[in-house]
Amino acid sequence: MSEEIITPVYCTGVSAQVQKQRARELGLGRHENAIKYLGQDYEQLRVRCLQSGTLFRDEAFPPVPQSLGYKDLGPNSSKTYGIKWKRPTELLSNPQFIVDGATRTDICQGALGDCWLLAAIASLTLNDTLLHRVVPHGQSFQNGYAGIFHFQLWQFGEWVDVVVDDLLPIKDGKLVFVHSAEGNEFWSALLEKAYAKVNGSYEALSGGSTSEGFEDFTGGVTEWYELRKAPSDLYQIILKALERGSLLGCSIDISSVLDMEAITFKKLVKGHAYSVTGAKQVNYRGQVVSLIRMRNPWGEVEWTGAWSDSSSEWNNVDPYERDQLRVKMEDGEFWMSFRDFMREFTRLEICNLTPDALKSRTIRKWNTTLYEGTWRRGSTAGGCRNYPATFWVNPQFKIRLDETDDPDDYGDRESGCSFVLALMQKHRRRERRFGRDMETIGFAVYEVPPELVGQPAVHLKRDFFLANASRARSEQFINLREVSTRFRLPPGEYVVVPSTFEPNKEGDFVLRFFSEKSAGTVELDDQIQANLPDEQVLSEEEIDENFKALFRQLAGEDMEISVKELRTILNRIISKHKDLRTKGFSLESCRSMVNLMDRDGNGKLGLVEFNILWNRIRNYLSIFRKFDLDKSGSMSAYEMRMAIESAGFKLNKKLYELIITRYSEPDLAVDFDNFVCCLVRLETMFRFFKTLDTDLDGVVTFDLFKWLQLTMFA
């Protein structure tokens with residue numbers, strides 16, 4: 001019996017991106033078809049463990065010090081001394097995954113500063129549909145137990161299914177991090193572990209905003225309200241948000257490090273994340289009072305002011321209504337008046353849910369669009385409007401607003417189209433251990449002028465932004481994972497430009513667009529095309545005699561110029577141009593030139609071929625000097641983009657990223673020889689494609705031999 005030959009498949013960075021895009025178009029990454037995180041298949045792993053009679057141990061997030069953290073919880077930290085990893089079955093005789101359903105009291109904070117995450121989990125328990133999108137049914141420490149559990153998390157536009165083992169950090173016989181009040185329930189501790197896994201460690205979860213957890217559990221988009229500047233109808237906004245299943249969180253800002261986790265006179269914790277779990281208006285002494293219900297993940301520290309559990313205000317409320325609203329003492333949940341809420345708290349976060357999270361609800365839903373993008377040094381990281389020379393190279397997205405809001409939505413206000421823009425930077429929490437923190441990000445919105453409305457999706461250039469002011473922008477540039485702002489603008493076309501504050505700050509991002517009415521969106525990018533010069537048909541008689549004499553002197557006895565001879569000639573000439581910064585032409589770049597011009601295929605250049613190349617290089621030199629704006633002898637990566645267009649090539653942003661990576665120096669400068677090599681390579685590839693595209697449909701098909709032939713000698 002012959003064995004099947006195994007053929008390895010290797011994906012380069014570019015091909016991997018293409019493969020990922022194709023998979024997404026087929027539905028991979030939606031909640032119903034979540035990506036298996038790190039390739040781990042929960043069912044396969046569980047069955048394998050059951051068949052072998054072993055308990056699962058996750059080597060992708062092993063029970064070792066590095067999984068706890070890298071600094072404060074690092075391997076040599078005193079805070080991690082004595083921590084062991086144990087399974088719930090080693091701690092209790094009858095551990096449970098969930099007892100009587102998941103409730104807000106299942107989440108009690110441990111030694112980790114992730115109250116923001118726990119507040120989000122607490123809000124999640126209010127909605128069974130949302131909860132079980134994150135915590136799949138059918139998991140247990142009894143039936144089919146194999147020491148393996150899984151959870152589904154939203155990560156930057158994709159749902160991922162995350163597998164964990166049930167080895168949890170233990171100290172002095174107790175869970176170190178999140179735990180339930182019951183003591184024998186472990187779903188919240190295991191969910192925290194899954195979240196730590198996707199972020200690299202438990203320590204990576206320290207510090208954050210509730211909105212981050214909201215979004216990673218729902219795929220929704222979050223709005224922020226500074227309560228000192230809140231709209232007059234905020235209570236109605238909260239009521240409507242709770243009715244729509246939105247998740248809400250709030251906090252009290254700190255004025256110094258000493259304030260962190262400080263407890264106020266009325267038992268509110270500063271710098272601490274609370275979840276908003278309800279809102280209700282009650283009749284109190286003949287007046288309607290607006291109340292709001294809060295939850296503190298710590299559990300035991302509660303508000304002691306008006307409308308707290310033991311306050312006298314409840315004695316003047318109808319007994320039936322009072323019994324419906326009052327909660328148990330010391331569970332971390334409490335009521336307070338909306339007036340006190342506005343006075344005591346600093347900010348409110350509301351996570352609006354995507355339509356797929358609200359399938360069973362007969363309510364109005366957002367229209368949503370998501371784009372992924374990158375900022376790359378020298379090509380697409382142009383910085384904010386403060387840097388006009390480079391701002392235009394940032395990614396651009398066009399929005400077309402057609403329908404205004406329903407009249408009921410804006411009352412007497414001027415009509416317009418409401419939408420939320422949210423810009424999120426990717427993977428920054430996971431990269432903390434490498435010293436990389438959040439970049440300062442934001443975005444600007446520009447109205448498309450009438451003469452450009454309806455035009456193809458062409459990337460807007462520098463002159464447009466120099467001549468036009470922004471129509472709207474994010475409230476601020478800030479170093480948070482996400483910046484979001486609600487807008488209401490008249491119908492029309494607009495261009496959104498997301499950016500870092502400073503140029504050349506690299507990162508990946510997700511831009512999301514939530515609109516109340518249907519709207520059109522498209523990423524602006526130039527269409528790939530080349531205005532190539534006609535291939536010259538010259539005879540030797542048409543060439544200048546002086547050039548012929550020069551050629552005879554350079555070519556030698558065979559009257560042809562080889563690759564090595566071409567390098568010697570070009571480097572001798574370029575060395576005389578003292579204004580050019582160059583290391584000289586390499587053999588590889590000269591070989592590319594010969595391949596482009598060699599018509600008879602002998603690997604050398606004859607008189608006519610060398611004449612055409614010579615004129616081409618003179619033209620390239622003219623373009624190079626034109627776009628070397630500071631006369632430094634080299635071009636910046638951004639100047640090169642304009643120079644390439646001047647040479648007749650229109651490329652999209654992904655190709656510019658590749659070109660800058662390949663042809664620029666570490667300081668993002670492009671010298672003359674690299675510029676020439678780039679243009680020669682571009683022309684060669686365009687001409688190859690044009691030759692093969694016989695039916696002019698922009699698509700060519702070839703076998704492996706032809707592919708290798710083209711790529712080896714281009």
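All positions are counted from 1 along the displayed chain.
Keep in mind that glycine also has a Cβ here, set from the backbone N, Cα and C atoms.
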Region 'Linker' according to Swiss-Prot, located in which of 79-94, 127-142, 303-318, 527-542: 527-542
Phosphothreonine according to Swiss-Prot, picked from T7, T354: T354
Distant-in-sequence Cβ neighbours of E639 (Ca(2+) 4 binding site), under 8 Å, six or more positions away: F627, D628, L629, V670
DSSP-derived structure type at C115 (active site), helix or strand or else coil: helix
Additional residues surrounding Ca(2+) 4, by Cβ distance to the D628, D630, S632, S634, E639 centre under 8 Å: F627, L629, K631, G633, M635, S636, A669
Composition by DSSP (helix, strand, coil) of residues within the domain 'EF-hand 3' (615-650): 23 helix, 4 strand, 9 coil
Shortest C-alpha distance to Q109 (Ca(2+) 1 binding site) - which of the recorded positions C115, D630, S632: C115
Which of D630, S632, all binding-site residues, has a Cβ with the fewest other Cβ atoms inside 10 Å: D630
Helix, strand and coil residues within the domain 'EF-hand 1' (541-576) as assigned by DSSP: 25 helix, 1 strand, 10 coil
